Every structure is written in C-alpha cells, then in structure tokens.
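I have placed the structure first, in the form of structure tokens, so that the comments after it can refer back to it.
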C-alpha cells in the first residue's frame, strides 16, 4: 500500500483534462479566466464552486484513479437531502453553507464556537486522495481537501476523561428536507474513539477536487475516516462533543445488527444482507476485492490490537 507522499503532483490527483484546463485558467490570470468562462460556459462534469488554496497534496490511495467529479457529487448517501442516490444533488440548493458555526463542547479545556472559515484559517487545507468504501459494497476514490482532525483535537485540549468524540449534523427541516421524514432518528450523530480521532488519517474535509464541498457531499464541513465505512463520516457538522462514555450513534441505534459502532471495513464480516468481500468501484464494470481496513491496515490495525473485530464490527 502506498505510504505518505507529501510530494504528490497535482496531475496525479486530477484527471488529465481537468488538470490541463486548470493550468489554462492559471495561465490566463483572473481577467482572462473570467473571459474564458463567458466564452465557453460551464462544462458538465467539471468541478464547480469556490477554489481552495491547498498547502500540499498527498496520494493515499495507492495511485488509483480518482472517481470523476460527476459521480462523486451525483451519487451520494445523505438522507437529510433524500434517500435515493440522486436526491442529495437535486436538493442540495436548500442547504446554506454560510454563515456556519461549529460548537465544541464536553470534556475539553477550551470549549468554544468557531466560524467555519476561521477554522480553515487555523489549519491550512491539504489535498488527500483516499479510497471511500460504502457499507453498501460500492466504493470511490476521492481527492478530499481538509485538515487532520488531530490538529483540531490538540488545539482544544481534551481532558483526561475524554474517550470519545461525537459529531452532529445540522438539524434544520427547511435546509435539510429529508429530516421531515422519520427515516432515521435526527439529528445524525456519529462518533470515534479519541485514539481514532487523533490518528493522522482522520480528516475534517472542507472540499474535494480543489473546490469547496458541495452541499450533497456534506458542506461546509464533514468527517472523513478512510478505513471505516462511509456512514461514519458525519456531514454538515455543527457540533463536536468530547465524551467520557461511548455515545449513541444514528445508524447503530437504528439497526445495530447491520451497522456496528466501529464500522471498520472488513471483508471477512458480511452485512446481514450482502457480502462485504467484494465491492463495486463506481465507474468500473467488474467488482474488486475489498481490502481489510479499506487498504489502510498497516496504518490503523494497531489501534485494534486485541479487539475481536468480528464481534466489534
């Protein structure tokens, strides 16, 4: 599996056509770029949204080709915006990502409420290319933009009692119309152990493909934990709480026999209704083998030494 590579080139993370067009934009300068947009119009399939300044780029997907923008932003699970894969992109316009604040509470020495833009200024974003494996046995490769969750945790100074970190999604039935239906117990909550939250791979994402997160992908702030199934990645986060005891989490409460608290990608532990041994990479015809911990076993397996991963799925 590919190791940390701080020298990854932009071309490696971006499909060639998009890479070349981005270089064309930069060569023209601001005024020329505006003219180019007017002349050509918006092109389907290209990243949209505000461009983000990225401090560095790191490929942690073993050189695998990133999933196209259209698929990453058009095939989503975000029940707050609808339960079909296409609903989130159709309904994302109702989500207002600014102004936005995140409340930090619980077992920390520095509880506070942070503006999301101030948060980004504190921690310069970097691009990380990660595999993403859904519990539904499909997967993508996504060039996220964000900062290590561990950096925020350290700044907040958790107390010695803090053993877990919970992440809560916005509760607003106007902005997130899917919350009008009781398909899940709202608001959505997910959580990590404190050692998982401080692992270098855990990311708070603010963008993808060099652009601000679209609403359907969890704007303006979402959790990315690449060795776990995608439902662990809380979207549109408004509250982060440090806790002494393991909290209730949404899918684990709704269907504990199907959605474990740990949710580590494990090809040897099947979902009750389907196998987890193989997965369908979006955009590919044939299914591929699922890797333990989604290919990140060398980095994260020591976190679970001595833990029965069949029982603690």
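Start at 1 and count along the chain as shown; that gives each residue its number.
From the backbone N, Cα and C atoms, a Cβ is placed for every residue, glycine too.
Feature annotation from Swiss-Prot assigns signal peptide to 1-44. According to Swiss-Prot, the feature Mo-molybdopterin binding site maps to 76, 79, 80, 134, 169, 217, 222, 233, 234, 235.
Sequence features annotated in Swiss-Prot and their locations in the structure.
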residue	record	Cβ contacts under 8 Å, 6 or more apart
76	Mo-molybdopterin binding site	85, 88, 89, 216, 217
80	Mo-molybdopterin binding site	169, 170, 176, 177, 178, 179, 186, 188, 235, 236
222	Mo-molybdopterin binding site	204, 205, 213, 233, 234, 235, 236, 237
**Request:** State the count of C-beta atoms found within 10 angstroms of the C-beta of residue 169 (Mo-molybdopterin binding site), not counting that atom itself.
**Result:** 25
**Request:** Name the secondary structure element type, per DSSP in three states, that contains residue 169 (Mo-molybdopterin binding site).
**Result:** strand
**Request:** Return the maximum Cα to Cα distance in Å (whole number) over the record's Mo-molybdopterin-binding residues: 76, 79, 80, 134, 169, 217, 222, 233, 234, 235.
**Result:** 19
**Complete:** One finds that other Cβ atoms within 10 Å of the Cβ of residue 234 (Mo-molybdopterin binding site) number exactly 27
**Request:** Sort residue 80 (Mo-molybdopterin binding site) into helix, strand or coil using the DSSP assignment.
**Result:** helix
**Asked** Which three-state DSSP class does residue 234 (Mo-molybdopterin binding site) fall into?
**Response** coil
